[in-house]
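Structure first, then comments.
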Amino acid sequence: MSTDSKTTKRQVKKDETPSDVNVESSEEKKNLEEDEISEEQVAENKSKFKLQIHAQLIKWAPALNMTILLLISIVAVLVRVYSVIRYESIIHEFDPWFNYRTTQYLVTNKDGIYGLWNWFDSESWYPLGRSVGGTLYPGLMATAGAIYWTLHKLCLPVDIRNVCVFLAPIFAAFTSIATYLLTRQVTKRADAGLFSALFIAIVPTYMSRSVAGSYDNEGVAIFALVFTFYLFLKAANTGSIIWSSYSALSLFFMVASWGGYAFIINIIPIFVVFLMITDRYSTKLYVSYNVFYILGTILALQIPFVGFQAIHSSEHMASHGVFILLQVYKFVNFLKGHIHKKGVKILTRLFIIGVALFLLIAFILMYVTGKTKWSGRSLTLLDPTYAKKYIPIIASVSEHQATTWSSFFFDLHFLTIFGPIGLYYCFKKPNYGKIFMAIYLVLSVYFASVMVRLLLVLGPALSIVGGIGVSWTVNLFTKSLRNFVFGAKKQEKKSKYHVSPTVSLIGLLLIGYLISVYIMHCNYTGAEAYSSPSIILSNRDRNGNRHIVDDFREAYFWLRQNTKSDEKILSWWDYGYQITGMSNRTVMVDNNTWNNTHIATVAMALASSESDAYEVCDKLDVDYILMIFGGYSYFSGDDINKFLWMVRIAGGVYPHVKEEDFYSKNNQYRIDSQASETMLNSLMFRLSFYRFDEIQTAYQKPKGWDNVRNQEVGLKKFKLEYFEEAFTSENWIVRIYRRKPRKNREGIVFLSKSLNNFPAPEQDNEYRKRHEVFDDIKFNKIILKKRRNVASR
């Protein structure tokens, strides 16, 4: 400002009168007061605006949550239909083919579910047969049948095959909703429920058993598992008999669907005992467990495959014991209000000791007398080495192997990071739900580490706890940013978990990045790893073009078209369901694996020489032998790679089959010139490599080069004397041989003659056992023929 203006102002001020000065000062005060009022009004209007926005968000939050949950459910379905888009609507794997065949029988049989329970299947386990109704969980088939009948009542003629193909993806959507409900029941927070629903919708471990075409028990059982947990926690928190009854009905659906129901009836008793130990017992818990246990056990008895196992099997003993323990605990609490404290202590000790001794003695007596026992799979979970030592047929299944660290990360991805964070939050402010989820997570981690198949049970637990961890972390970061942007209250500023805005922003960006990577990983595994049917193989050439290898369906169709309807097929048990389902032919063994001796007999035939194998096949009435061979097509899951497990299984029943006989002098499993003589003379070797030396399998490699074992076959230009080649698929994956009819001449070295070198029956019980097996086979042939004659009449 210039000096002239300053002097003029001073002159003006000097010329002003006192009254004028007072007027100006009063006006300035009024202006200041008006400015203060206007600032207060602006601040008040801002707060009102914020409250209005907050009220609108609260008003629309339920609708927004439901919309997001609906979108998650749609994603759960869409990510599972890659196999239908890429190939066609077809049933996958091995077990689903039996489930599909059973469902077809259910919907076409006029007696419905009662006809299924009374169905005797003469096309499997020849000549023994199989009583289907008493040896399967009917929940999956009943669910698909109910949907099929409902659609037809609505005049929607959907084929039963399409119902079976799309059943698992539909139930994956239901599982997402059930996971949302369970997480919200645990945390009372909708955001945690949405995160958990998103994670379970696309988690690879669950997707592996629920893609389109994977028509297996787990496809519906995981929904039943999560929904049962939700209903039981709801019942425990409310003490409602109605919710407890609902949880028992959900358990009934789980029992009818999958043998994994044993996990539910053991984890809930463990949860109840933990609450009693930590002094969190309540009348609500007493009511909910009693109703759940009594009604659930009564309903479980109605499933023929379970039956009275729900009473006397070892897997159910925990639920029985906790039920009795609850009554004792309730009685002790009753005594406390009517007897002196000293008397209560003495009576309590005596009563508890007496009940514990009674239960222990009862369990020991039942176990010794054989009225209760652990199944082989349960003992394998308790002792991971049990199956390998005593039941090799269980150990031979790939899904029963121990889980590798890479499998944990591949099937669960970043949930392995946020799971521990969610577990910490569960222990921070524990309630019934958080304690239950902590127990569920810890137990499922142990079981999943013992058996890779049980990653499927760990998936929901880690999705829920991981969703809680992500929700808690995101809420922590967003609260810090809200405080920075809108201003924080004093209490929030003093928060124990205060985080700077910069760290919060970086943390939110990192979580968003991890979730996006998780989504991309799950989408990749759903599209590439778990959406390829086992009966349709595919590969890519150097130019990236996809080539379909359809050898399995080619061979099964050949069997259906070129063999008689009553002819019998011998193969390893892995392919039994597919042969009966696609070829409609009778098989010796299949994936049910209920008769270890019969499977061992088939394994012995494959491990024997051609002449001995012929005698076994003749006694079993075998017409064709089906082999899976990958030496030409690089298919590593062939019978040669499974052969040592066959030898071990056979050796458990027939001691003359010894695993060491099939190793080379260097104690290696080989098929080249270093292979043992027993290996080269086995039926498995001869049927796999017959005429293999006539083709060039790899560039700059000799004829007869095995691309899987990377060895040149050790025996070439041999002839088959008792079997003849009937069919070999385009890529040599499936090979089928016909058993030659017996000729009226000497020349076959019978198995009975070769058995003369073994110890006498009084010296070797296994000798007598082998002949008892063949006598049983002859007897069952007669019984089966009588049944067929009665049926034809």
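Each residue, glycine too, has its Cβ placed from N, Cα and C.
From a predicted model like this one, the values you see are computed outputs, not experimental measurements.
Pulled from TrEMBL:
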DOMAIN    66-465  domain 'Oligosaccharyl transferase STT3 N-terminal'
DOMAIN    566-625  domain 'STT3/PglB/AglB core'
REGION    1-39  region 'Disordered'
TRANSMEM  57-79  transmembrane segment
TRANSMEM  132-151  transmembrane segment
TRANSMEM  163-183  transmembrane segment
TRANSMEM  189-207  transmembrane segment
TRANSMEM  219-243  transmembrane segment
TRANSMEM  249-277  transmembrane segment
TRANSMEM  289-311  transmembrane segment
TRANSMEM  317-335  transmembrane segment
TRANSMEM  347-368  transmembrane segment
TRANSMEM  408-427  transmembrane segment
TRANSMEM  461-478  transmembrane segment
TRANSMEM  499-520  transmembrane segment
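Proximity of distant same-chain residues to the transmembrane segment (189-207), defined by a Cβ-Cβ separation under 8 Å and at least 6 residues beyond the stretch ends, is recorded for 61, 65, 68-69, 72-73, 75-76, 79-80, 172-173, 175-177, 179-183, 222, 226, 410-413, 415, 455-456, 458-460, 462-464, 466-468, 470-472, 474-475, 518-519, 521-523, 525-526, 529-530. Stretch with the largest number of CB pairs closer than 8 A to the transmembrane segment (132-151), among 57-79, 249-277, 408-427: 249-277. Residue counts for the domain 'STT3/PglB/AglB core' (566-625) under DSSP, helix first, then strand, then coil, are 34 helix, 8 strand, 18 coil. Residues 186, 199, 203-205, 208, 434-435, 437-438, 441, 448, 455, 458-459, 462-470, 472-473, 514-515, 517-518, 521-522, 525 of the same chain sit 6 or more residues outside the transmembrane segment (408-427) yet have a Cβ under 8 Å from a Cβ within it. The average pLDDT computed over the domain 'Oligosaccharyl transferase STT3 N-terminal' (66-465) stands at 89. Tertiary neighbourhood of the transmembrane segment (499-520): same-chain residues 199, 202, 413-415, 417, 470, 473-474, 476-478, 480-481, 484, selected by CB-CB distance under 8 Å and a gap of 6+ residues from either end. The transmembrane segment (289-311) is in contact with the transmembrane segment (219-243), judged by 3+ CB-CB distances under 8 Å for residue pairs 6 or more apart in sequence.
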